[in-house]
Every structure is written in C-alpha cells, then in structure tokens.
Amino acid sequence: MEHSLRIALYQPDIAGNTGTILRTAACLGLAVDIIEPAGFDLSDRNLRRAGMDYLELAALARHVDFATFNAWREAQNRRLILLTTRAAEPYTQFEFRPDDVILFGRESAGVPDALHDRADARLIIPMVAGRSLNLAVSAAMVAGEALRQMG
Ligand SMILES: C[S@@+](CC[C@H](N)C(=O)[O-])C[C@H]1O[C@@H](n2cnc3c(N)ncnc32)[C@H](O)[C@@H]1O
C-alpha cells in the first residue's frame, strides 16, 4: 500500500544510511525527500550496495536546499515533524498524520537551530544510554510507529 507519509533527510553524510532508508521506504511504500547538499552522489557505491535494486522502486525527491524543500512542503500543507535528541516529547506519544513529513538530521550534526525552531513538532526516541541512534535505525523506528498508528 502506498502512503502519503514522507521521510526527509537533511543533508545526509553517509551513503550507506541513505541507501538503507531508501530500501526501507520502498518496502513500506513511503516517499523520501533528500535535502541537499548530501555528502555523496546517487551513483555512490555504498548507496547502491545498501539500497540494492530497491533504489529503482524508491519514490525519491531531491531538493537543492532547505528553503526550496520547505516552500514545497508548505504549499502542500504538510506538517514538518523533526526527530532530534534535543526534544522532550517521545515519538510514541505523538499522533502522526498520513501526510506528515518526518525529518531526520545529518549524521554529523543533526539540524541547525533555525530549522529546529521551524518544525511543527520535535520528537525524541528515548534512550537509556548513548548520544544518538544510527540515522537509518531511527528512521525505521519512527516510520514503523507512524504506520502502526495508521493501521
Ligand atoms: C546520528 S544522529 C545525529 C547526531 C548528531 N551528532 C546530533 O547531535 O544531532 C542522526 C539523526 O538521527 C535522528 N536520531 C538519532 N537518534 C535519535 C533519538 N534518540 N531521538 C531522536 N532522533 C534521533 C535525528 O534526526 C538525528 O539528527
């Protein structure tokens, strides 16, 4: 089943993570937005290795920068839901909507403060140890919860 729910990646650094997310999104029927610049290009060996032939099935949109992405998102009246370790609200307590865009930060630095403040909601995956989860793991967890809520 195709969903309108989208996963957005802010300037991803690691090709293998994006490949894994594109594969997961293709399997679950989610679209992916990449907010450029990324730390690799789409021909990257590690992206292709992680995404395999699922890359051809992935609904991928690339945006040259955050402003372009955000104008497109606002025109569609979609909420921007940010996943960040700086949030207080657990993602499992949030009510997702089918047309939400769920945004994840870059592996090296998350998202800038200005973008953090512009999100409609900021959510955390609570952890008992460590500073953060792997980007692709956190995207899979949150996509799973959002889809679970939508039945
Ligand atoms: C490797 S983490 C980024 C770590 C980065 N050094 C930072 O301080 O934000 C990559 C992205 O995964 C998501 N993420 C990872 N662990 C998370 C958590 N426990 N709660 C919410 N988001 C998380 C966030 O979107 C984060 O920007």
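Using the three backbone atoms N, Cα and C, a Cβ is placed for every residue, glycine included.
Copied over from TrEMBL, here are the features:
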type	residues	note
DOMAIN	5-142	domain 'tRNA/rRNA methyltransferase SpoU type'
BINDING	Leu83, Gly105, Ile125, Ser132	S-adenosyl-L-methionine binding site
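Feature annotations (TrEMBL) mapped to structure.
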{"residue": "Leu83", "record": "S-adenosyl-L-methionine binding site", "CB count, 10 Å": "26"}
{"residue": "Gly105", "record": "S-adenosyl-L-methionine binding site", "CB count, 10 Å": "23"}
{"residue": "Ile125", "record": "S-adenosyl-L-methionine binding site", "CB count, 10 Å": "18"}
{"residue": "Ser132", "record": "S-adenosyl-L-methionine binding site", "CB count, 10 Å": "16"}
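Using the Cβ center of Leu83, Gly105, Ile125, Ser132 for S-adenosyl-L-methionine, the list of other same-chain residues with Cβ within 8 Å runs, in sequence order, Thr84, Thr85, Phe104, Gly110, Ile124, Leu133, Leu135, Ser138. Mean model confidence of the domain 'tRNA/rRNA methyltransferase SpoU type' (5-142) amounts to 96 (pLDDT, 0 to 100 scale). Applying DSSP to the domain 'tRNA/rRNA methyltransferase SpoU type' (5-142) sorts its residues as follows: 53 helix, 31 strand, 54 coil.
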